[in-house]
Amino acid sequence: MTALSNIRNFSIIAHIDHGKSTLADRFIQTCGALQDREMQAQVLDSMDIERERGITIKAQSVTLYYDHPNGERYQLNFIDTPGHVDFSYEVSRSLAACEGALLVVDAAQGVEAQSVANCYTAVDLGLEVLPVLNKIDLPQVEPERVIQEIEDIIGIEADDAPRVSAKSGLGVDELLEALVERIPAPTGDRDAPLQALIIDSWFDNYLGVVSLVRVRQGSLSKGDKILIKSTMDSHLVTSIGVFTPKPLETGKLEAGEVGFVIAGIKDIHGAPVGDTMTHAKTPDVDLIPGFKQITPQVYAGLFPVDSSDFEKFREALQKLQINDSALFFEPDTSDALGFGFRCGFLGMLHMEIIQERLEREYNLDLITTAPSVIYEIKKKNGEILLIDNPSRLPDPGFVEEFREPIARCHILVPQDYLGNVMTLCMERRGTQVDMRFMGKQVQLIFDIPLGEVVMDFFDRLKSVSRGFASLDYEFDRYEVDKLVKVDVLINGDKVDALAMICHQEQARYRGGQLVEKMKELIPRQMFDVAIQAAIGSQIIARSTVKAMRKDVLAKCYGGDVSRKKKLLSKQKEGKKRMKQVGSVEIPQEAFLAVLQVDNQ
């Protein structure tokens, strides 16, 4: 077993594309954990989607043995963290398991908001943060400017920051030496009762739930009976070890170490991320602080195109949920779309990934309704409701207050694009909280309704700032506002899946835009199709998809006008009858038109 003083637990904090996974690959290669023939790019990103999108979704860990030039052998436990704003809770759990973090910054691009947010989390948790300049071999690097930015924005010394190129391996040996010297060794009593933090859990078809844990106090061996604090369920440990990145059984983990535990747990909710694990014989061990149940922020309806796929869809969601405790779903029915599920996600990226995995891994064809957030409704009798689906809103007559969730947004933007970004935030009904100039960058803090943020705010922010602005947001509070529900009627019938909640001042504009958009997307029928947007019983916008008609007068050459009138009125009668019985097929694009209303 490695002595406590020779263990280093660390994480890498980096913005998307700043080279975190590549640096991890270099560490693995330098320490000889995998043979060269087994190396592939982004070793730790195991899902195809992770590789394709170049993002890390689940936390992974790897234990490396590093021989220091001073002759000592060190055990380095690297815990990989997701970088995207949707997965910030997983980041905080990964960081809580470490004593230090490497802040990897692209030496050409500089500091981004996400790294700042995660870096603050690390500092709050008391971690030693070691800044690293990556991509130093690129021609356009500006290390002096970036060092100044790190000092101005994050407030940590960066003069002696190691300069590396993860791609070519330049400076990686020096970085490993600095890591061992700068990051403190873990503390912990190996004879105390067991206290271990669950960093991540995932499901294996043969082994059940595999938990990645960091042992804080005590030790854990194969054959021990363990207890999960939040569920108070006990399980028998069947396998225990470390990832090197391949699983390697060690039979024991001691204080300060990071590894995996398999105890035949059948359900991912049986080992929630952030929970505390202990021995069944010492159930009153203190909880490790910071554990919270994950709550979805964004809800959307998912419906199979072919209703016979419903059971297959349910199974697919259950399988995904086994591996993703943040995914929530419940059965939902829609008059327009039939049977499906109302699903809750952490954010828009999470939603896209789940949808893509359902379609790719389970061959499902799905229709997605526009996403919405949770609103708080206070009824006149004092009852408070939480509404995640616009079609479930009570009648406006019973509602006393309509409260919407507000997100606190931290935006970092170069000064040149400040005006565009502020205009965008104002358009989204944002209120400015703070603004600080830091070198060439400006840090903005805005309070913006969460419903506006989750729609397409991130994409719009990137486009108005040419990709330079970066965003981090978290839910802050509920606030009363004048909100209304806009219904869409097609030929007088409400289509529940198209309903949306928006601000009273924007309702006419958004209703009008939606109706126009629908007009382009609904194919022409043999009869007129009226598309209307309404608030309650008041119609606020209307548009008509004109009928296709056959030229019934083609065979009348000349002849009496009454003959023509007769043929036309006969056609008119037929269309009228058809309209009474005809139903309109609504294509998938039309359901997503709600999303594109703001993109004009």
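Keep in mind that glycine also has a Cβ here, set from the backbone N, Cα and C atoms.
Noted in Swiss-Prot for the protein shown:
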DOMAIN    5-187  domain 'tr-type G'
BINDING   Asp17, His18, Gly19, Lys20, Ser21, Thr22, Asn134, Lys135, Ile136, Asp137  GTP binding site
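Looking only at the domain 'tr-type G' (5-187), the predicted model's pLDDT averages out at 74. Annotation: Asn134 carries the greatest number of neighbouring Cβ atoms among the binding-site residues Ser21, Asn134 [cut-off 10 Å, Cβ to Cβ]. For the recorded site, Ser21 (GTP binding site), the DSSP three-state label reads helix. Long-range C-beta contacts of Ile136 (GTP binding site), restricted to its own chain and to partners at least six residues apart, with a cutoff below 8 Å, comprise Ala107, Pro143, Arg163, Val164, Ser165, Leu170, Gly171.
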